[in-house]
Amino acid sequence: TVFNSLNHDMTLTEFKFIWYMEYSHRMWGRVVGLAYILPAAYFWRKGWLSRPMKGCVLALCGLVCFQGLLGWYMVKSGLEEKPDSYDIPRVSQYRLAAHLGSALVLYSASLWTGLSLLLPRHEVQSSTHQLLRLRQFAHGTTALIFLTALSGAFVAGLDAGLVYNSFPKMGERWIPDDLLAFSPVLRNIFENPTTVQFDHRILGIASVTAVTALYLFSRKIPLPHRTRMAVTSLLAVACMQ
């Protein structure tokens with residue numbers, strides 16, 4: 001049905017390209033899973049894992065399996081017939097956001113665990129008020145960046161990036177007319193392409209602002225070299241993004 005109505009002019013070579021893209025993604029995901037599970041099972045059998053590390057290993061293993069399950073669940077939504085939809089077939093933006101979100105959690109947890117083992121924690125002589133504020137600020141910035149990434153999944157799932165292609169204005173206006181076109185109002189945040197793109201822009205700007213403020217605040221505090229390098233790298237990556 002999709003081929004006849006939308007892609008009737010697609011060549012076999014073009015189809016093979018998108019098929020191999022999807023196939024490679026699936027195979028790569030399975031390789032990543034095996035690259036984690038097999039060594040973890042080996043270390044467990046050898047008795048090289050402490051009791052707290054065993055719990056961490058099991059949690060990460062569960063996240064790996066859950067990520068694969070979410071990927072299947074997401075793709076399944078793109079194959080379902082939607083009688084009330086006359087648009088281009090696409091996967092559910094909710095499932096896409098869940099798939100991306102779980103991947104970010106899995107990656108962050110794996111990186112945190114690995115760095116905790118490779119790099120010993122710096123013991124700060126005194127926990128000053130400024131240092132505690134910096135830590136809270138960093139956690140808040142992390143949450144904001146995570147939310148921004150999830151909003152990007154909604155942009156991708158709805159093809160919302162195709163609605164407006166100008167910046168900083170959206171078309172001729174700062175705030176589009178159809179920002180709250182859907183009813184009830186809450187539905188616009190997740191299903192209105194205009195609102196989804198608008199929210200993603202605002203969150204992106206807020207994330208860069210928060211990272212910049214975090215960097216400027218960190219300059220006022222005496223920090224270990226590794227921490228200062230991390231904050232500076234964060235600012236560089238945020239600007240590049």
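Going from the start of the chain as shown, residues are counted 1 onward.
Including glycine, each Cβ sits where the backbone N, Cα and C put it.
Copied over from TrEMBL, here are the features:
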| type | residues | note |
| --- | --- | --- |
| TRANSMEM | 27-44 | transmembrane segment |
| TRANSMEM | 56-75 | transmembrane segment |
| TRANSMEM | 95-119 | transmembrane segment |
| TRANSMEM | 140-164 | transmembrane segment |
| TRANSMEM | 200-218 | transmembrane segment |
Problem set entry | Maximum Cβ pairs under 8 Å to the transmembrane segment (95-119) - stretch from the list 27-44, 56-75, 140-164 | 56-75
Problem set entry | Interface-richest range of 27-44, 140-164, 200-218 toward the transmembrane segment (56-75), CB pairs under 8 Å | 27-44
Exercise. Hey, which bits of the same chain come close to the transmembrane segment (200-218), Cβ under 8 Å, at least six residues off its ends?
Worked result: 133-134, 137-138, 140-141, 144-145, 147-148, 151-152, 154-155, 160, 167-168, 170, 227-228, 231-232, 234-235, 238-239, 241
Seminar exercise, completed: Sequence-distant residues near the transmembrane segment (140-164) by C-beta distance (under 8 Å, 6 or more away from its ends) are 88, 90-94, 96-97, 99-101, 104, 170-171, 176, 190-191, 193-194, 196-197, 199-200, 203-204, 206-207, 210-211, 214
Exercise. Taking a Cβ cut-off under 8 Å, which residues six or more beyond the ends of the transmembrane segment (27-44) line up next to it in the same chain?
Worked result: 54, 57, 60-61, 64-65, 67-68, 71, 110
